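Asker: First the structure, which I've put down as structure tokens, then a few questions once you've had a look.
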Ligand SMILES: *[C@@H]1O[C@H](CO)[C@@H](O)[C@H](O)[C@H]1NC(C)=O
């Protein structure tokens, strides 16, 4: 009798848990952060693949980011992930947070909100540490979530956690271990919920400019090439929902590729530190610009125009690209 009662209670608990999980996942929505600008444009600085204790020119890139940002005056900074090498953070007390972030991006012009996402190297450490408000208490610029939306007057920016899409990290992890806590209830549902939320968020968006930021390449002429898992449903959503820009890191370089069958433009800004891999395919379809070395990007967006610029480790302009929505608005 006692046994049966106990069984019943745990059965009820399981039922309740299952029910609440289902309830949560059907209600799951990407958290939305409003970032009001009170300005005539949205200006963003974008850097990726950076945290190396200042080595591999990280400090030099940081210095030039500070110099360019002084005039550019970005509203915020975006990190495309791989924030801490080689294996993310060991915990919220890992000194790498200060050594690779707080003590590197010291310019006054970089004392802005940093919207960051996780890269595959971050998943090799304690993921929950990077997501923890304890880091934001240590350095109030830090903001990291898996997937979320930043809403401004000129553009809506969708940050997407792309690492769990990549089959290789699950099937051939090699000597690397990944912190998959938080992929609830399981990987498949995590991904399908994420795609559903992204799709519905983009469809609901009334923003003139829609930008999606992820760590992994969708298309790239660099060493990693295209991420085949992202060429399927993920890319169909970006195209169907009228996304203007997909911004990523992962390949340690800066590049621009245009889509051949939509208005989507792919920008890689992954040159925050170690670069010069020397493996690329310059015959890549749609490739507009490729630079194998360190660098970063500025993005300026108004109601009608978007202007993107790549800078190198000396703060020199490498490439400029602009697009306007005025001639289509007839
Ligand atoms: C740092 O940048 C300079 C200038 O581009 C380059 O000569 C040097 O090789 C870079 N160092 C590393 C480790 O990438």
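Glycine too: its Cβ is placed from the backbone N, Cα and C atoms.
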Asker: Would you identify which residue of 35, 172, 215 TrEMBL lists as part of the Fe cation 2 site it also attributes to 82, 120, 250?
Answerer: 215
Asker: Please identify which of 49, 281, 292 is recorded by TrEMBL as part of the Fe cation 1 site containing 82, 85, 252.
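Answerer: The candidate from 49, 281, 292 that TrEMBL ties to Fe cation 1 along with 82, 85, 252 is 49.
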Asker: Do you know offhand how many angstrom separate residue 49 (Fe cation 1 binding site) and residue 250 (Fe cation 2 binding site) by C-alpha?
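Answerer: Just about 7 Å between their Cα atoms.
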Asker: Enumerate same-chain residues with a sequence separation of six or more from residue 82 (Fe cation 1 binding site) and a Cβ-Cβ distance below 8 A; give 'none' if the list is empty.
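Answerer: The answer is 48, 49, 50, 51, 119, 120, 121, 122, 215, 249, 250, 270.
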Asker: Report, as a single number, how many Cβ atoms besides its own are within 10 Å of the Cβ of residue 49 (Fe cation 1 binding site).
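Answerer: Looking across every protein chain shown, the total is 30.
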Asker: How many neighbouring Cβ atoms, not counting its own, are there within 10 Å of the Cβ of residue 85 (Fe cation 1 binding site)?
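Answerer: By my count, 23.
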Asker: Please list, in sequence order, every residue of the chain apart from 82, 120, 215, 250 whose Cβ lies within 8 Å of the Cβ centroid of the Fe cation 2 site.
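Answerer: Near the Fe cation 2 site, beyond 82, 120, 215, 250, sit 48, 49, 80, 81, 118, 119, 121, 122, 162, 163, 216, 249, 270.
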